[in-house]
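Asks: Dumping the structure here so I can ask a few things about it.
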Amino acid sequence: MSRPSSTGPSANKPCSKQPPPPQTPHAPSPAAPPAAATISAAGPGSSAVPAAAAVISGPGAGGGAGPVSPQHHELTSLFECPVCFDYVLPPILQCQAGHLVCNQCRQKLSCCPTCRGALTPSIRNLAMEKVASAVLFPCKYATTGCSLTLHHTEKPEHEDICEYRPYSCPCPGASCKWQGSLEAVMSHLMHAHKSITTLQGEDIVFLATDINLPGAVDWVMMQSCFGHHFMLVLEKQEKYEGHQQFFAIVLLIGTRKQAENFAYRLELNGNRRRLTWEATPRSIHDGVAAAIMNSDCLVFDTAIAHLFADNGNLGINVTISTCCQ
């Protein structure tokens with residue numbers, strides 16, 4: 001299934017490989033709140049485009065943070081993989097000469113990177129596994145600021161959600177493979193995805209045009225308020241065969257902790273009908289895939305969309321507010 005992406009007026013779509021020609025901006029709906037933007041989608045047959053500490057510990061002792069002693073650093077350095085310099089964690093396998101390499105790198109190697117000896121047959125190093133179970137390892141993102149040390153069983157789960165891991169480009173459905181720090185996200189969007197429209201204010205209208213385009217389509221725009229930037233996403237996809245649905249959600253260009261300080265409301269309103277969704281914005285670290293999979297966002301099918309649409313255009317009122325902590 002093709003998956004074109006789209007953004008705001010007079011812009012190229014930010015999430016597609018070949019951006020189409022510029023599009024003349026559409027005027028906002030007369031009934032719109034203070035700020036409004038038209039987001040056009042590009043689909044088949046369409047030329048329009050929218051808008052290192054180590055501490056002796058046992059399993060379950062939890063992570064910690066603190067100064068690193070030379071002795072502890074020397075101990076954890078024994079577990080460093082000579083290829084990727086991450087840590088070799090259980091199950092620990094060695095070459096015939098006793099050298100270690102992590103399991104991820106081992107799958108790509110035909111010989112030991114240290115002595116060039118054979119890696120097969122696989123030999124377990126049970127002594128090092130016992131030592132690893134009594135050591136707290138630094139997070140792999142320690143060099144970018146994470147100070148936690150963790151038992152090896154907790155390390156992978158933490159690193160999947162670590163606030164210091166690189167951020168990926170938040171554009172949904174994009175082929176963009178950019179990664180970088182949180183501070184660099186907005187600069188990336190402004191330079192690599194210039195077509196994304198940004199509106200100022202806590203109350204705006206997200207107007208998606210051509211919602212009847214076939215296939216999977218994304219509409220994206222930015223909202224700036226309270227000193228932060230929020231990404232508004234509307235996706236149309238076939239989550240179940242033969243049943244197309246729309247998914248609308250708000251992401252914060254920020255951390256999960258920062259996101260907890262805000263709330264958002266999405267509202268479809270018209271023809272004496274109203275459909276509302278209120279929630280806490282998700283951090284761009286989490287993305288939209290999991291929220292859509294769990295329907296943890298504003299969800300409605302094409303029949304509902306047509307109740308609120310006007311000539312194939314759908315306006316969503318978006319309100320961002322702060323939460324009292």
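The count begins at 1 with the first shown residue.
In case you wondered, yes, glycine gets a Cβ from its N, Cα and C as well.
Annotations for this protein, taken from Swiss-Prot, read as follows:
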- 1-15: compositional bias 'Polar residues' (COMPBIAS)
- 1-43: region 'Disordered' (REGION)
- Ser6: phosphoserine (MOD_RES)
- Ser16: phosphoserine (MOD_RES)
- 17-33: compositional bias 'Pro residues' (COMPBIAS)
- Thr24: phosphothreonine (MOD_RES)
- Ser29: phosphoserine (MOD_RES)
- 34-43: compositional bias 'Low complexity' (COMPBIAS)
- Ser69: phosphoserine (MOD_RES)
- 81-116: zinc finger (ZN_FING)
- Thr120: phosphothreonine (MOD_RES)
- 131-323: region 'SBD' (REGION)
- 134-194: zinc finger (ZN_FING)
- Cys139, Cys146, His158, Cys162: Zn(2+) 1 binding site (BINDING)
- Cys169, Cys176, His188, His193: Zn(2+) 2 binding site (BINDING)
Asks: Helix, strand or coil: which one is Cys139 (Zn(2+) 1 binding site) in, per DSSP?
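Replies: Reduced to three states, the DSSP call for Cys139 (Zn(2+) 1 binding site) is coil.
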Asks: Take the C-alpha atoms of Cys169 (Zn(2+) 2 binding site) and Cys162 (Zn(2+) 1 binding site) and report the distance between them in angstrom, rounded.
Replies: 17
Asks: Give the three-state DSSP assignment (helix, strand or coil) for His158 (Zn(2+) 1 binding site).
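Replies: SS state of His158 (Zn(2+) 1 binding site) = helix.
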Asks: Counting Cβ neighbours within 10 Å across all chains shown, tell me which of the binding-site residues His158, His188, His193 comes out on top.
Replies: His193
Asks: Cβ within 8 Å of the Zn(2+) 1 site's Cβ centroid: which residues qualify beyond Cys139, Cys146, His158, Cys162?
Replies: Lys140, Tyr141, Ala142, Leu148, Leu150, Lys155, Glu159, Glu163, Tyr164, Arg165
Asks: Once near-sequence residues are set aside, which residues in the chain of Cys139 (Zn(2+) 1 binding site), 6 or more away, have Cβ atoms under 8 Å from its Cβ?
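Replies: Sequence-distant Cβ neighbours: Cys146, Ser147, Leu148, Thr149, Leu150, Lys155, His158, Glu159, Cys162, Tyr164.
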Asks: Can you tell me how far the Cα of His193 (Zn(2+) 2 binding site) sits from the Cα of Thr120 (phosphothreonine), in Å?
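Replies: Cα-Cα, rounded: 48 Å.
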Asks: Helix, strand, coil residue numbers for the zinc finger (81-116) per DSSP?
Replies: 4 helix, 4 strand, 28 coil
Asks: Residue counts in helix (H, G, I), strand (E, B) and coil for the zinc finger (134-194), per DSSP?
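Replies: Summed by class, the stretch gives 21 helix, 9 strand, 31 coil.
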